[in-house]
């Protein structure tokens with residue numbers, strides 16, 4: 001009996017080694033075997049939960065494109081329809097983000113290479129984060145949960161420390177500007193013509209033929225007649241130094257008549273403006289003023305000149321290509337820089353067009369870089385701007401052995417197809433249907449942008465545009481104050497002073513900023 005007892009005790013021990021391998025197989029079983037394994041586990045453990053296949057989160061960079069029409073920009077904002085909002089929801093429904101991390105981008109280390117304004121598109125946008133990209137078919141799952149105007153091209157496995165924002169060396173943006181926008185005689189800003197009987201309303205024939213509706217206030221501040229009725233501000237038709245303006249006037253009986261003084265000039269203006277070598281050389285010269293490191297405080301909003309963030313470096317800016325969209329020629333303006341501020345590119349294009357159309361001298365661009373000068377710079381419409389590509393040169397060089405290259409090289413063909421199908425088609429149709437750029441050109445005048453002539457002042461004068469109150473204790477050697485009206489109709493004092501000390505310049509600007517904030521309150 002004593003010899004049999006050990007045998008009875010050893011029987012469970014002998015079975016244990018046979019059961020352990022079976023349990024390990026159950027843990028790594030395939031999806032097809034999962035129900036059986038779950039039943040076995042629940043039978044033994046008393047109702048354990050079914051375990052899905054275990055996938056690891058991967059740090060990846062996602063390359064995609066979008067057409068910005070109908071969206072309030074790239075960055076997610078509460079209550080606004082944004083590109084990020086669409087993409088985050090697609091990631092969740094594709095299984096890349098768990099329920100616990102939904103609407104919590106910090107949990108999966110979300111980062112974007114660039115932010116875009118409302119209505120701005122992108123062809124080479126890159127975002128990064130830690131996502132569940134397995135099983136295969138991640139890109140297809142994402143695109144099935146996205147609208148047609150947002151397409152994911154692919155993704156790349158990246159280093160754990162990768163951030164699409166911090167590791168992006170350069171960004172290249174493209175702005176498509178219609179060729180006619182560079183013609184000083186096309187869509188002139190003047191809406192009143194002087195005649196023997198006074199002023200007559202002038203209609204832009206080009207806008208009327210297309211049926212474009214120019215919103216109220218585009219031309220500038222309205223004036224009030226003697227009888228108390230509001231009327232458009234009176235101005236000369238040659239304010240942009242173009243004597244070949246094609247116009248028609250409305251007589252008192254409502255009949256359309258051509259301006260007899262401009263019939264000869266009209267014949268000259270019939271010839272189509274061409275973006276030839278001479279025009280290209282001049283426009284590239286204007287754009288070259290932006291190249292280099294400058295203070296762009298006048299080309300953005302809510303950024304003061306003393307803020308280090310106002311200093312940006314532009315690597316190149318050129319306009320050497322012309323493409324045709326919907327029967328209209330567009331100049332392709334390409335700008336490459338390390339980073340850009342809000343509205344910076346659109347304001348750079350706006351001022352360059354103003355200079356090209358002779359509304360401002362070329363020197364106004366260099367004047368706008370000065371810290372002690374505040375200028376209201378025109379901003380071009382958002383429809384022609386798109387992010388073309390983001391560059392990760394330093395990262396690719398550093399991790400070229402261990403990780404794939406993050407670039408658009410692999411997606412060039414599909415990106416070009418998306419560009420023509422969605423981005424270019426929208427830009428061409430928007431201009432043909434709504435005349436967005438044509439209407440914007442009518443706002444380029446001295447009433448809306450009186451600061452564009454500041455470069456005509458003497459070099460030794462420092463131009464400071466501030467609202468100064470009577471209690472200000474600034475000490476200025478020579479000053480001359482003149483009241484002027486800005487584009488919004490608010491009264492403003494134009495202070496022209498000679499300042500030799502840089503310290504006193506900064507004090508004057510700080511004092512003016514404090515006074516301006518109090519005045520707005």
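Just so it is clear, glycine is given a Cβ too, placed from its N, Cα and C backbone atoms.
Residues or ranges marked as active site, nucleophile in TrEMBL: 117.
As annotated by TrEMBL, substrate binding site applies to 173.
As annotated by TrEMBL, compositional bias 'Basic and acidic residues' applies to 1-10 (among others).
Feature annotation from TrEMBL assigns compositional bias 'Acidic residues' to 11-20.
As annotated by TrEMBL, compositional bias 'Basic and acidic residues' applies to 21-30 (among others).
The compositional bias 'Basic and acidic residues' annotation in TrEMBL covers 499-521 (among others).
Feature annotation from TrEMBL assigns domain 'Pseudouridine synthase I TruA alpha/beta' to 288-392.
Per TrEMBL, region 'Disordered' is recorded for 1-54 (among others).
Per TrEMBL, the feature region 'Disordered' maps to 497-521 (among others).
Within its own chain, residue 173 (substrate binding site) has 334, 335, 340, 345, 385, 386, 387, 388 as residues 6 or more apart in sequence whose C-beta sits under 8 angstroms from its own. For residue 117 (active site, nucleophile), the same-chain residues that are 6 or more apart in sequence and have a Cβ closer than 8 Å to its Cβ are 73, 342, 343, 346, 382, 385. When pLDDT is averaged over the domain 'Pseudouridine synthase I TruA alpha/beta' (288-392), the result is 96.
Helix, strand and coil residue tallies for the domain 'Pseudouridine synthase I TruA alpha/beta' (288-392), in that order: 29 helix, 36 strand, 40 coil [DSSP].
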